[in-house]
């Protein structure tokens, strides 16, 4: 937490001028890469300007020349003369025969196949072979004899025929944007992938999973190994109203309060990765179409409800899975100060190999939400992390919790900081107390309007450029900044995506800092509970004028968070 600290904004995108393309290699260079000591490696973004020279052995072509026959003035009948003439003629005949045989059949290889001019069955085994021998052919196993643009579509093709290609029917050799939808696909073939279509979610994420060819989304029957077909079927609307999507209607509809007892409430919360429900209450609902609960015929709520015309007594159910967002202490000093014990009971300190690295927010007894950039590279090993809850000083830490699994959003972009969210599953559940409590998730449609006063906390640096984080939990009040303003040329020039929210003071002085990465941005609701509006992500400097902090927008990332909690539920 700080008044000043640095984190450079993601670099803007520029047009990259490609270096001039080198001429394509000759056919011999492609075939004899190993022989000539040249191995062409794929270059992901550019072609080297000055590629390594290819050393090609000199090829010596010999042609047997017949010594010119000196013209004789007269041979007569001398035996010596006739013998020399006949011998010369015989040599010419033998040379001609050798040339004719060479042209007719070519040179025979070690494998017994003729490699140059082949005809009929002699070419049967040579159809896809190039002129190679032994290990020279190692990399050529699936190559056909192609050149230039003829090989453009053949780059990754295997040499298949008939039934051998049956499984290859649905394998697209994709490049660039063509692979966009394939990025997170599991290894599936043919009809197994038919219904999967990568299970693209409403938030744009893709869930790698393997599904049967009869899978249907939100029908209450798990067809995919990781339940990708049954995630993002439950959400909470304004006032905590439970909404469910089913195959019957395809829309999220409110669930009627009538008939939904405690056992159903527990079932729904457990489905979302919580251990049980906390409370369920009736709320007014005048919708013309709703869902009513029927006999418990499935483990998932979307397989239990049925579409109906409205709710009896016009009452829908408001469901809470945790008692969340409550403070033990609410005394605060605006402008940045040390926190009081129990003031931000959801704040956790994430330690990597013994040192505080990032913050996080406790959202249930088993899960912590943080930023994806905290776990890049080798830091993604869960065994090296410890989670400390209920502490306001690094010198007086409580007993830590072990991390069982770190789940980083598969769409996280380290260049733009988009989708900067991660979920930590703990090895054992946290025990709640007056100083350890979960923060509330916002509803899917909850908004945090411009100018709203929110708070961010963490063990961050207290000024820009500081080498060490604060030993005390710090806090500061910040205001939500209009996204259009934050994305303007005067501020972040288009770097703000739909998954980000800006908060701070446009005049400078109030901001979060480097050590606070992954920590919470919380806003107080009308019900006096605190909601997780953002996850500390990035910013330019710390507390600088017209450089507010940038946070991951939780409402945009909720479908992903819930889906992972459901897949990793205790």
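Backbone N, Cα and C atoms are what each Cβ position is placed from, and that goes for glycine too.
Per TrEMBL, the listed range annotated as region 'Disordered' is 1-21 (candidates: 1-21, 22-42).
Among the residue ranges 140-189, 190-239, the one that TrEMBL annotates as region 'Disordered' is 140-189. Counting only residues at least six positions away in the same chain, the Cβ atoms of 229, 230, 233, 244, 245, 246, 247, 302 sit under 8 Å from the Cβ of residue 218 (disulfide bond). All protein chains considered, the CB of residue 233 (disulfide bond) has 25 other CB atoms within 10 Å. Across the residues of the domain 'Peptidase S1' (333-566), the predicted structure has a mean pLDDT of 91.
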